[in-house]
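Visitor: So that we are looking at the same thing, I have put the structure below in structure tokens.
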Amino acid sequence: MNRLLIRGATILTMEGPEAIIETGELLIEDGWITHVGLPGSASGSFDMDEVIEADGQVAMPGFINCHTHAAMTLLRGYADDLPLMTWLSEKIWPFEGRMTNEDIYWGTMLACLEMIKSGTTCFGDMYDCMHDVARAVEKTGMRAMLSRGMIGIAPTADKALIEAEELARNWNGKADGRITVMVAPHAPYTCPPDYLDKAMNLAAKHKLGINIHLAETLTEFEDIKKQYGKTPVKHLDQLGLFKLPVLAAHCVHLDEEDMDILAQKAMGVAYNPQSNMKLASGIAPVAKLLELGATVGIGTDGTASNNNLDMLEELRAGSFLQKVSTMNPEVIPAYRALQMATIDGALCMGLGDRVGLIKEGMRGDVILLDTQQPHMCPRHNLVANIAYAANSSDVRTVVIDGKVVMLDRVVKTIDEERVMYEVRERAARLAGK
């Protein structure tokens, strides 16, 4: 049995706004959190494989990035300041068409490095060559929900379905259970009804959920209404998509009925505020969705449209954007923003029984943040300091599935210099430089 004790930290369990243990300790045994309490309260506290002294730090659940395209780190800064469809058709898709399996592996390795160093322990990914994405996840020690993005109008549509099924068979539940799989028809505007039906049948066959972009732009909203006589959400509802667990990314352009459907039927909505701002897609009505009872997590989207994977930045931007768009400073307060970036993100991906909280019986995905920094002083409100003042360099240590993957800012599972060298070389080749 492997026993890891984290001692002396203030523990933000995310079980409630007041569920904070000052100078506490938590014990992780064989990947499971088995004890959370006051110092010295863990049984056999002298018989540990590893002890982390965490005085002056906060222990909290790792951040959960509900929606990204990890390998797109290769495209960071390649194409900016363009409308979504121009950006995709003229820049992103041609670049991606030149990418090899190894390019995708190394791009994902860089994404995992960036996420670990900014406190993300789990992410939801939609992309191509997912075997290579899974290899990177397995090597780095991260947790991930992976899905092979499928474009139903592309010549590769049938091949993508085969690869999606191979991903499910080969990787669902692998890497000691850290990898789970969903089925990912790209979006209603790229997947006709007959193709969506094939995707739903595949998901039902393997008891998987659906991961899909939905109602991201006004163009999509209007085009789907013109083509099918319904909004994108109602179109998918009529097709029966929401009979399966659905993680819907973006959900920017919604009417009242759409919001009711998502609140009642979707497993979760992935809110991507910075990508939506950068691409001028609009502002998702998240405050209203939450009021209706929807489960909303936070995603960064890919680095080509953000341009980083920093969940602290994302949750802060997401909170502030809702405040100003509703002209109500009380919507999405600090604790709610942290919930969206942790336990609500886990629920969105069907992982709420495993991660997102620090409590006995959950897997040991924990981060330690340094609170002894000028921008974290004074401490009138710990939760507000984390949500509104902390930055990614405050993340000192990252534990995933009970294993220490970063200790005192040193990532133990990744050769940082090699990863950045590989990405620089490959990005230059792909860009034709």
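Placed from the backbone N, Cα and C atoms, the Cβ positions cover glycine too.
Bear in mind that the values here come from a model prediction, so they are computed numbers and not experimental data.
So Swiss-Prot has the following annotated:
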BINDING   H67, H69, H213, D301  Zn(2+) binding site
BINDING   E96, R148, H186, E216, D301  substrate binding site
Visitor: Out of H67, H69, R148, H186, H213, which of the binding-site residues has the smallest number of neighbouring Cβ atoms within 10 Å?
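Guide: Fewest other Cβ atoms within 10 Å, among the binding-site residues H67, H69, R148, H186, H213, is found for H186.
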Visitor: If you compare CA-to-CA distances from R148 (substrate binding site) to each of the binding-site residues H67, H69, H213, D301, which comes out shortest?
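Guide: Nearest by Cα distance to R148 (substrate binding site): H69.
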Visitor: Just counting, how many other CB atoms are there within 10 A of the CB of E96 (substrate binding site)?
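Guide: The answer is 20.
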Visitor: I need the neighbours of the Zn(2+) site defined by H67, H69, H213, D301. Which other residues of that chain put their C-beta within 8 angstroms of the C-beta centroid, in sequence order?
Guide: T68, M126, A249, H250, A270, N272, S275, G299, G302
Visitor: Cα-Cα separation of D301 (Zn(2+) binding site) and H186 (substrate binding site), in Å?
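Guide: Taking the Cα atoms only, D301 (Zn(2+) binding site) lies 13 Å from H186 (substrate binding site).
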Visitor: Within 10 Å of the Cβ of D301 (Zn(2+) binding site), how many other Cβ atoms can be counted across all chains shown?
Guide: 29
Visitor: Of H67, H69, H213, which binding-site residues are close to H186 (substrate binding site), meaning a Cα within 10 Å of its Cα?
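Guide: So the list is H213.
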Visitor: Between E216 (substrate binding site) and H67 (Zn(2+) binding site), what C-alpha distance do you get in Å?
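Guide: Cα of E216 (substrate binding site) to Cα of H67 (Zn(2+) binding site) measures 13 Å after rounding.
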Visitor: Taking the Cα atoms as reference points, how far is H67 (Zn(2+) binding site) from E96 (substrate binding site) in Å?
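Guide: Each residue's Cα considered, H67 (Zn(2+) binding site) and E96 (substrate binding site) end up 18 Å apart.
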Visitor: How many other Cβ atoms are found within 10 Å of the Cβ atom of E216 (substrate binding site), counting all protein chains shown?
Guide: 27
